[in-house]
Structures are given as C-alpha cells and as structure tokens.
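For reference, TrEMBL has these:
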ACT_SITE  191  active site, proton acceptor
BINDING   199, 202, 229, 232  Zn(2+) binding site
COMPBIAS  395-405  compositional bias 'Basic residues'
DOMAIN    86-333  domain 'Deacetylase sirtuin-type'
REGION    1-23  region 'Disordered'
REGION    359-405  region 'Disordered'
C-alpha cells in the first residue's frame, strides 16, 4: 500500500516537473524571439558583435521571423487600394466594352463597393466595417434607408434593359438593385434584402416588402422581426444571411436563378467585391469545367481579390467611374434614379394599425412626400442604428468603445 502511494506521489511529481519544463522552454523560446526581433529591427551597421553572434546562433528563429514579415507585407499589399492611371483605365474599359458586346450571356456579380457612393460602408476597404472593427474603432451610425441607387446600379439596370446583362448576383443587403428598377427575376440577392420580411409558416412563403429596414431587432441566428403575418399570425422573420449562416429562402436569395445563370454564362463581370465570400460558392464559378470552358472573368475592384490570377482583366478603379466610361464606350445613356419610379412603393405592404410603432427606423419617403412632415421634434432626431444586418460585429464594436470609455 505504501509502495502504491509512493508511486502515485512520484508520478505526480514527474508530471509537474514535465509541465514546468515545458513552460520554461516556451518562455525561453519567447525570449529568443524577442531578442532576435529587436536585433533584426536594427540596421546591420548598428549591431554589436554579441547581437550578430545571437543571429548566427538562432538561425531558425531569424528565418521564421523573416517569413512572418514577408507574410505581413503581402497581407498589407493586398489590403492597399490601387488606382489605374487615366489612360490605362480608359484602355482597360475599352477591352471590357468589347467583351460586353461579344458576350452571349453576361452575368454580373456585385459587392459592397458599388454602394459606397450611396454612403453605405463596405467591409474590407480602408474605411470598411470589418477594417474599422479590427482597429478597435466604432462604426458611425447612419440609417441605410436614406441611401438611393448609385450610378453603377442604374448602369446595370440599363445594361439589362438592353439585353447585354442577363442576370445580377449580389452580396448586398441594401435593396438598391431592386430599387433601381432591375426586374426581380433577373436578380439574386444571396445575402437577403433589408426591406423584406417573410412568413415561413405560410406555404408558399409569404413575402412582405416594407419601406424601412426590417432588421432592427435581428442578428445572427435571431431573425424574428416582432411583426406578425396578417394571414396566419405567425411571427415574421428577416431575409438576411449573416456570416456563419446558410441561406435557405427561395426569395429574395434566388439561388436557383444564380446557379442557372452561372452555368450559362460566358462572361462574368465582378463589381466592387473582394470575392472572399463569393469564391466559396463553387456553383457560381463552374470550377468543375476545364479552364478553357469556364466563363471569362473581368474584375473591377481597388483591392486584391483571390480571383485576380484567373481574370482576363483586372480594373483598378471606382465602380461609378468605370461604369460611366463603359456606358460611353457602349454609347448608352445612364438613366437617372427617379424616386417616382422606385418599385419599392408599388411592392410595399402597409403595416397593420397595431404595428405602426413596431420600429424606429426611418421610412423611405414616397415621391410626393420628399420632406419629413413630422411635427414631433423627438421624431426628427437622427436615429442611432444598432444591431440589424451589420450583424454581431457592429454590436461588438459599440461594446468595446463603451468599455474603453
């Protein structure tokens, strides 16, 4: 019995000694990394003999730190915005115009970059949502219902009207493609539409288009809007697909339309997207085909994308500038956005009387009511946007700011 106790004590002592040795080894390795890192920051001419000897002694650490620096530099270059010169931009747009004219089935993929001109932030640009949150900064509040379709949105609508664009696949939730007048059958909003809430209890799914952002109370895995279906009484839910979720709604996601368009496409034009999310949707890229039989890819984006090496042409320019030049090359007029023609007003379903106070988001004013006619000074105060389709990251950013304060 005594021998078993001694063996148990010895075993515990060995485990503790081994654990302590591992901790000391890790600390020693960290100290070496810190020492080598400090030496590498100095110019060679300013290094002492002892420091030079330390670099020779710890060659593996030097090599690892150099590799890390290379990776950091590559990442930094990928995040930088690059602008083509005036002449180079015009030349590239001419090449794009030829491709658009010759395409038999052109499909357009759009990202947040086409909406920045409407004062809607993108995600990975220098002032993007995720970029600011990574830096520990707060995201400025703004009601996205105030945004209107940009020049790029209107150009895409015209290109579809002229039968040059067959389908549009968008990652954006802002509803601006729909509001530009692009037909719904030609649009796939893969991540949802902030103006649409649905009843999934009804069969088929019943849709309610609203004149305000319905995502005020929703977030990741929490999609109930608090309003009720006027037919069955079940709670309505938004249509947003957050990061980490899988979209299952038929509309407005329209995955069927997107995949069918991708299969038929001979040219794909990507506008204002980092493609870091879209690249994961394999059905949109026909990667199961031989390279020679895949759609020709044209990309318009200021930053690096993971599809750059596969592109026939990469244009570094703002979407509105590129599309303006493209329309000139195609000899097409750019239609101006007219609120009186905005389809959202004919598609919208009025709230039930008891639901009028169910949200605090600004309502898109109809064309005959451009000015806010509210006499209540409380209602005229700017609304601070919290939660909604910016998702959890937005809330986290605000929490961090409060903690720092």
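Including glycine, each Cβ sits where the backbone N, Cα and C put it.
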Distance [Cα-Cα, Å, rounded] between residue 199 (Zn(2+) binding site) and residue 191 (active site, proton acceptor): 17
Integer Cα-Cα distance in angstrom, residue 232 (Zn(2+) binding site) to the residue listed as 'active site, proton acceptor': 26
Distance [Cα-Cα, Å, rounded] between residue 202 (Zn(2+) binding site) and residue 191 (active site, proton acceptor): 21
Long-range Cβ environment of residue 229 (Zn(2+) binding site), under 8 Å and at least 6 residues apart: 199, 201, 202, 206, 235, 236
Output field, Zn(2+) shell: CB within 8 Å of site CB centroid, site 199, 202, 229, 232 dropped: 200, 201, 206, 230, 231, 233, 234, 236
199, 202 as binding-site residues, winner by CB count within 10 A: 199
Site with most surrounding Cβ atoms, counting all protein chains shown within 10 Å, from the recorded positions 191, 232: 191
